[in-house]
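Report on the structure given below.
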Amino acid sequence: MEEKEGIKDSSLLEKSNVPESINEDISKTTDVDLNSDGKKDNDTSAKDGTPKVEEKVNKSSGIDEDEVVTPAEDAKEEEEEHPPLPARRKSEEEPSKENPILQELKDAFPNLEEKYIKAVIIASQGVLSPAFNALLFLSDPESGKDIELPTQPVRKNPEAPARRRQTQLEQDELLARQLDEQFNSSHSRRRNRDRATRSMHEQRRRRHNPNEREQHHEDSEEEDSWSQFVEKDLPELTDRAGRSLQDTANKVSNWISDAYRRNFASGNEQNDNQHGHQDQQEWEPEIVDLSQGGKNSRPQQPERRRFNSFGVQVGDDSLESHGITLHNEDGFEDDEDVPPQLPTRTKSGESTGKVVAETTYIDTPDTETKKKWQPLPPEPLDTTPTKVNAVSRNKKNPDEDEFLINSDDEM
């Protein structure tokens, strides 16, 4: 470096002694060369080994080639003069491969060997506080006088096993249990309340009568057995009874259907046809009687009879309905036939106490036509009613009263 600096100083002194004309020519030539592809000229001059600038300078001034300095050399010299830039540090420091707990304990206890420190770390399972206390006791035994040694091993809480994912059926079952507890809690509370009240009453009784303890114990056992029977055994019994009834019903129905198929379905068609007509005739009057009885069984309002001014029932033309019969009170007429009479039997001593037949008259149909009864013509009605007419109208003849006339219905 010192030799190069000496060469630079000598070259600068020589340049200062060159006349001004030479400097002007050099500046012109250098400006032209740099503006018009200076790189190409420099390359060609480097290949040929005869740069143009040096030739012109040598021709005009007669300076040696060794004394001339090119601009490339000047740039190199300037770079050598400036100090190199410092290397950039990496932003991310590489993590140390050594265990940080081990390194920390080494720094805290440099006097102890590394194997003891590792043994303490293994025993403490990486917990710093017990490891630090153990290493402190190794370095200074007097510091561990106040520390009590454990007599029993430390119990660790068992880690809960990984909960497996529940299926849809399990989720539904869990939800059903929650709903049952929520909505049926009232029934359970009522039951617990009843038990509490019973227990209170029984305790009061025991205080008054200490002999009832044994009886209370027996009663409690009976209640427990009864509650167990109602809650567990009764549903099973009901299920079994229902199943047995269903089975028996199915068996009976199958047996009846088989018997019907054997006896009735495969019967003789001729017997069915013979008895069919008779059965139909026997059943018809019963059906009619039932229908009539059903009609008559209904309550009916009594019919109201209406009579006209002549004492005749309205809507009935027959004489019998009027309640009037015509007969001769004097006896039989001459033309009418007298019915025959049976001879009377004399009573004997042997026949006393026996029933004797008496003569009876036998009615015979009348051959002659009887006279029909005709009603009397009505009386003329006065347009102007008077007291006499009104009284006469209101009065009734006792012979015309329907209740005093002997009718066929009363007979």
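Numbering starts at 1 and runs along the chain as it is shown here.
Backbone N, Cα and C atoms are what each Cβ position is placed from, and that goes for glycine too.
Copied over from Swiss-Prot:
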type	residues	note
COMPBIAS	1-12	compositional bias 'Basic and acidic residues'
COMPBIAS	25-58	compositional bias 'Basic and acidic residues'
COMPBIAS	209-219	compositional bias 'Basic and acidic residues'
COMPBIAS	230-242	compositional bias 'Basic and acidic residues'
COMPBIAS	245-256	compositional bias 'Polar residues'
COMPBIAS	399-411	compositional bias 'Acidic residues'
CROSSLNK	Lys15	ubiquitin cross-link
CROSSLNK	Lys59	ubiquitin cross-link
CROSSLNK	Lys76	ubiquitin cross-link
CROSSLNK	Lys156	ubiquitin cross-link
CROSSLNK	Lys354	ubiquitin cross-link
CROSSLNK	Lys396	ubiquitin cross-link
DOMAIN	97-140	domain 'CUE'
MOD_RES	Ser21	phosphoserine
MOD_RES	Ser36	phosphoserine
MOD_RES	Ser91	phosphoserine
MOD_RES	Thr167	phosphothreonine
MOD_RES	Ser220	phosphoserine
MOD_RES	Ser309	phosphoserine
MOD_RES	Ser318	phosphoserine
MOD_RES	Thr346	phosphothreonine
MOD_RES	Ser348	phosphoserine
MOD_RES	Thr352	phosphothreonine
MOD_RES	Thr367	phosphothreonine
MOD_RES	Ser407	phosphoserine
REGION	1-102	region 'Disordered'
REGION	142-411	region 'Disordered'
MOTIF	373-376	motif 'AIM'
Which same-chain residues, if any, lie at least 6 apart from Ser309 (phosphoserine) yet have Cβ under 8 Å of it: Pro378
Contact set, same chain, for the compositional bias 'Polar residues' (245-256): CB under 8 Å, 6 or more residues outside the stretch: none
Distance, Lys156 (ubiquitin cross-link) to Thr167 (phosphothreonine) (CA atoms, angstrom): 32
Number of other Cβ atoms within 10 Å of the Cβ of Thr167 (phosphothreonine) across all protein chains: 9
Mean of the pLDDT scores, which run from 0 to 100, over the motif 'AIM' (373-376): 76
Residues in the compositional bias 'Basic and acidic residues' (230-242) grouped by DSSP into helix, strand and remaining coil: 13 helix, 0 strand, 0 coil
Cβ-Cβ neighbours of Lys156 (ubiquitin cross-link) (radius 10 Å): 6
